[in-house]
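Listed in Swiss-Prot:
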| type | residues | note |
| --- | --- | --- |
| BINDING | H56, H58, H115, D137 | Zn(2+) 1 binding site |
| BINDING | D60, H61, D137, H177 | Zn(2+) 2 binding site |
Amino acid sequence: MEVFRIYTNSPLRNFTYILRNSETSETLSIDPYDSEQIEKFLDSKGWTLDFLLNTHEHEDHTSGNTGLVQRYGCTVYSHPEGIGKIPHATHPLKKGDFLLRSSKEYLEILDTPGHTFCHVCLLLVENQKPKAIFTGDTIFNAGVGNCHHGGDPEVLAKTILEQFYPLEEEILLYPGHDYLETNLKFTLSLDPSNQDAIRTLEECSRLSKNVEFLTTDLRKERKINTFFQCDKPSLELRKNVSKKIPFKQLLDNDPTSFFISLRSLRDQW
């Protein structure tokens, strides 16, 4: 599967993704923000667009739909609850469905509520091995999505603890936004001795701003992303979270409670 990440220069630092099946040449856009930007990319390749998928209903993930449907007549997929909310979405996808499927590669749909209740993520599988995951606003580099606009932090905790914690470490993470530097600073505000976060922040500082972006895998995320450490937080992380969260809200050795506490702290940070 060919994967192309397009930085949109949007106020919320959105990413759009273009995926192309290497066997069938079918092409998909995930979370199109700017239809003209995507058309320009496709024209440069001499490609058309077969499918759109919106991970959820928020406008910054769907604003390119109308222009792309008008140009290419492509099919628009979404979570079943997104039909009627997402422009031009007509084809619902449920957990376990597939897109861009061929003999060697496919995208598997995950039902991932929390940021909103009609959110899906996509797991890229090649030669029967998970290779990458497209997470929309469920998980970011070194962070997770907020729950301010139609979500629930307890549901998000359940989604991430049950569906993402068990995934293989080699899987690459492709989120819906570039929030890495900000999220690393949040990690270090609670866990200032986290050497992996320090090194990753230094790595970010050497990149060309708005041109180059780090791609992390889940192995790195488990080191730099506090939301992936809720089952085994470091002593320093646990101590600093406990200082800021009332005792009655932070239950001992409860990953869900710790996750919700982190999400609350991130909301206020």
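Just so you know, glycine gets a Cβ as well, placed from its N, Cα and C.
Here the features listed in Swiss-Prot are painted onto the structure.
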residue	record	DSSP (3 states)
H56	Zn(2+) 1 binding site	coil
H61	Zn(2+) 2 binding site	helix
H115	Zn(2+) 1 binding site	coil
D137	Zn(2+) 1 binding site	coil
H177	Zn(2+) 2 binding site	strand
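Cα spacing between H177 (Zn(2+) 2 binding site) and H56 (Zn(2+) 1 binding site): 13 Å, rounded to the nearest whole number.
The Cβ of D60 has fewer other Cβ atoms within 10 Å than any other of the binding-site residues D60, D137. Residues T55, E57, H61, T116, H119, G136, T138, G145, H149, G151, G176 surround the recorded Zn(2+) 1 site, their Cβ atoms falling within 8 Å of the Cβ centroid of H56, H58, H115, D137, which are themselves excluded. Sequence-ordered, the extra residues of this chain that approach the Zn(2+) 2 site, with Cβ no more than 8 Å from the Cβ center of D60, H61, D137, H177, are L12, N14, D31, T55, H56, H58, G136, G176. Taking each Cβ in turn and tallying the other Cβ atoms within 10 Å, the top scorer among the binding-site residues H58, H61, H177 is H61. For H56 (Zn(2+) 1 binding site), the same-chain residues that are 6 or more apart in sequence and have a Cβ closer than 8 Å to its Cβ are S78, H79, G82, H115, T116, C118, H119, V120, G136, D137.
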